[in-house]
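Worksheet: one structure, shown below.
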Amino acid sequence: MRVLGIETSCDETGVAVFDSKQGLLADILHSQAKLHAGYGGVVPELASRDHIRKLLPLLRKVLNQAGLNKEDIDGVAYTGGPGLIGALLVGAAVGRSLAWALGKPAIAVHHMEGHLLSPLLEPNPPGFPFCALLISGGHTMLVTVNRIGAYRILGESLDDAVGEAFDKTAKLLQLGYPGGPALAKLAEQGNPDRFYFPRPMLDRPGLNFSFSGLKTYALNTLHKNGSEAAADIARAFQDAVVDTLTVKCRRALQQTGLNRLVVAGGVSANQALRQRLKAMGTQENVQVYYPRLAFCTDNGAMIAFAGCQRLLAGEQTSSGFSVRARWPLDTLPEI
C-alpha cells in the first residue's frame with residue numbers, strides 16, 4: 001500500500017510517500033522558522049496561510065520525487081490533531097479532498113502517534129512492547145506501548161511541555177526563535193558548576209512532570225546575575241531538564257519491567273539528553289531508540305507511516321472531517 005502523508009499541525013509543512021513493501025519513497029519538509037522568527041514564536045494565522053501557499057506545490061514535488069502519479073496513491077493520511085486548528089484544517093481539507101477525488105481511503109492520524117512510531121522507520125526498529133518518552137513543544141509524556149494503539153499514559157507534564165520550557169527560557173535569554181536548539185548550543189559554553197537549578201517533582205513518587213518553575217528560576221537567576229551569565233543559566237537549565245527526564249525514564253522502566261525505551265519528538269534531538277539516556281541505558285541494560293534527527297521534528301514521513309499501519313488494518317476516517325486541538329493519545333483504537 002502506498003500512502004501519501006500530510007503534516008500541518010504547527011509550523012512545518014511536511015509531505016511524504018510511504019510504501020508498505022518498499023518503505024519510505026519520498027519525504028519533503030518546509031519549515032516556517034524564518035517566517036515566525038521576528039515574532040518570537042508561532043503566529044497561528046501566519047502558519048495557516050503559509051501551509052495554504054506551500055502544500056499543493058509540495059505535494060506535486062513529493063509525488064515527482066517518488067516517481068508516482070497521484071493515481072498511484074492507495075490512501076491519504078493527514079494529521080487530525082492535536083495542534084493549531086487553522087493549520088490542521090489546511091492539511092485535513094487538502095487530504096480529504098484528494099482522497100475523495102481519487103476514490104481512495106483517508107485517515108486522520110494523531111500527531112503524537114506519528115512521533116511515537118517514527119523510530120519504526122529506522123533500519124533497526126524497536127519491537128513491542130516498549131516504554132516511550134514523547135517530548136515536544138506541546139507534549140511531555142511517558143507511555144507504555146504494547147502494540148499500535150495499545151497505549152497507557154504513565155505520566156505527563158502538569159504545566160509546560162519540555163519543549164515549551166526550552167523555548168520560553170531561550171526567549172528570556174534573548175536567543176531568538178526557535179529557541180530550544182539555540183539554548184542547547186549556548187549551554188555547551190556554560191559552566192556546569194556555577195548554578196544549580198531544582199529538579200522538579202523528583203522528590204515525590206509518580207511519573208508526572210512540571211517544568212514551568214524552571215523557567216521562573218531561570219528568570220530570577222538572570223535578574224540577579226545579568227546577561228553575562230546567560231551561558232551558565234542555559235547550562236543549569238538544560239542539566240535540570242536532562243536529569244529530570246532521565247530519572248523519570250529510569251523509574252518508568254523499573255516500574256514496567258520493560259527493557260526498550262523509545263524517545264521521540266522535537267526535544268529528542270537534544271544531544272545532552274541522548275548522552276545521559278545512553279549512559280542510563282547501559283547501566284539498566286536498556287536499549288534506547290530514536291528517530292533519525294530529520295524525523296525528530298514534525299514531518300510527513302511519520303504521518304504517512306502511522307496512517308499506513310491503520311489503513312492496512314482496515315481503519316479509515318468517515319467522509320466528513322474534523323480536527324482537534326486536543327486529542328488524548330490513550331483514546332486511540334488498538335490495531
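The backbone N, Cα and C atoms fix where each Cβ goes, glycine too.
Neighbours of His115 (Fe cation binding site), defined as other CB atoms within 10 A of its CB across all chains, total 30. His115 (Fe cation binding site) falls within a helix when secondary structure is assigned with DSSP. Summarising the annotation, Swiss-Prot assigns Fe cation binding site to His111, His115, Asp298 and lists sequence analysis as the type of evidence.
Within the same chain, residues at least 6 positions away in sequence whose Cβ sits under 8 Å from that of Asn270 (substrate binding site) are Gly180, Ala184, Gln238, Val242. DSSP assigns Asn270 (substrate binding site) to coil in the three-state reduction, placing it in neither a helix nor a strand. Residues or ranges marked as substrate binding site in Swiss-Prot: Leu134, Ile135, Ser136, Gly137, Gly138, Asp167, Gly180, Asn270.
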Inter-residue Cα distance where the pair is Asp298 (Fe cation binding site) and Asp167 (substrate binding site), in Å: 16
Can you give me the Cα-Cα distance between Gly137 (substrate binding site) and Asp298 (Fe cation binding site) in Å, rounded to a whole number? 10
Taking only the residues the record lists as binding substrate, namely Leu134, Ile135, Ser136, Gly137, Gly138, Asp167, Gly180, Asn270, what is the largest Cα to Cα distance between any two of them, in Å to the nearest whole number? 17
Where Gly138 (substrate binding site) and His111 (Fe cation binding site) are concerned, what is their Cα separation in Å, rounded? 11
Cβ-based neighbourhood (8 Å from the centroid) of the Fe cation site, residues His111, His115, Asp298 excluded: Glu7, Ser9, Thr79, Met112, Gly114, Ser136, Gly265, Asn299, Met302, Ile303
